[in-house]
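S.K.: Next up is a structure, given as C-alpha cells.
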C-alpha cells in the first residue's frame, strides 16, 4: 500500500490505483492549452512542466483550485533546491530529500503555511532523540572504559602479588598465561556489540597483555602478536542494504551513487621555455544595441614580463606601438617615464635594480605597461550580431547572423542565445558552424571554430514555440584573437650591463571579458 497526499483528505490507496492515475495522465494532457489542470470523473490533475518532466498534484474535485496552484508553485520551487539536475536521473538520486521536503509542505492533505527557507530549515534540523541516543551510547562507552581500567588494575595487582609468592620472589610469571587473562576479560559484563569493544574496535588484548608481561625484553610474548588483518569493520559494498534490495524486488529504479569524476582542468598556458617572456593581452568589453549602435566599447591592455633566471633581470625592453591615436599608454610607477616617452624603452628608474624573477608556474609576471581605448565608432567592433525573431502561428522563427570585420581573425567564437523555457531542444533549420543546447540554463550556443577571410559572415536559423522577442536577449559572445588593437610589439631586449641579450618570446592575445547585445 502506498499513501497518497490528496488535498482536503488523507486516503489510503493501493499501488495499482496510483499507477492507474499516473498512467492516465499522459493520455489526458493536451498541447496548446492555456491552463495547467484538468478534471476526470473522480479526481483533478494539477500540473506544471519542469524542463522535460512534469510536477503533478492529484486532488479530489472538491478541493480549492487556488490553494492547489499555490501548493504546486511552492513544490516547484523546492525541486531545484534539492535536485540540481532536473531530469529523471537527478530526481531519482535525490528522491528521499524531495519526499522529506514535500512532507513538510503537505500534512494530511492540507498545505502548511511555510516558505522554501523554512522547509530547508526544518529538513536540516537535528533530531533530539538522535542526539540523546548518541549521548547515552557515549556514556556507556565511557563507563565500559572505566570498568576496563579498574579490572586491568586488579589484574596487575594480583599478578604482582602472585609473582612475589613464587620462588625467588621475582621469577617470570608462568602460571598466568594469556588464557587466564582472556577468561578474566570474558567474565566482565561487557557486550561485544553495542559497547564498541568488539574485535575491530582497537581495544584488543595484545596491548594490555604486553604491559602485564614480566618476560625479559627482546622475547616476544605469544599473546602480544598483532591481530590478523581483515578483522576490522568493513563498510561499503560488502554490507547490502535490505531496504534497497526490497525496493529493487518491487521493480523500483535505484540509482547507485556515482563517484564524482575529477573535472578536467582548464587548458593551462604552455610552460615558459625562453629566459624572457613578454605577454601582450587586451581585454574587450562591448555592449551593442539590438537595433544597431554601440552603448559601450572599452579595451584595456597590459604588457607583462616574466624572467626565469636572476642574471637575466638586468635588461630594458624596447617596444613599438601602432598608429592608433585613440590609445593612451601608462607605464608602471617604477619605470623610467622619460625613457619610454622619448625612445619607447621600458626600464627601471634605477638601472642597478633588476626586474623580479619567477618560475614558470607564476601566473602573471611583472606589469610594465598599461593602455586603454574607448570609442563609440561601430566600425571598431570586431564582430556584430543581428537577431531577427518573427512569430508565425504557434511558432517563433529566429534568424541570427554575424558579420566580422577584416581587422582580426577570430578563434573559438561562441554566441550564447537565451531561450524561453522549453520542453525539448529547439529545431535548428540552418547553421554555419555547430550548435549545442544547454537545457538547464535554457541557452543555445552557436560555435564557430575560426572566422577569417573565408567566412566573414554566417547565419543560423531555428524554431521554438511562440515567445516574445525580448526572450532572446541579451546575447553573449566570446572569442579570442592573436592580434590586438594597440598592435604593440617588442622589438629588442637591451642588456643594461653589456653582453649578449637573453633570448625572448612574445605572446599576444585579445580576449572578450564582457561582450553582449542587449
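Cβ from N, Cα, C; glycine included.
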S.K.: Choose the correct range: of 180-207, 208-235, 236-263, 264-291, which one does TrEMBL annotate as region 'Disordered'? Give that range.
M.R.: 208-235
S.K.: Region 'Disordered' per TrEMBL: which of the ranges 155-178, 299-322, 323-346 is that?
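M.R.: Of the candidate stretches, TrEMBL labels 155-178 as region 'Disordered'.
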S.K.: What is the pLDDT of the domain 'MHD' (273-518) when averaged and given as a whole number?
M.R.: 89
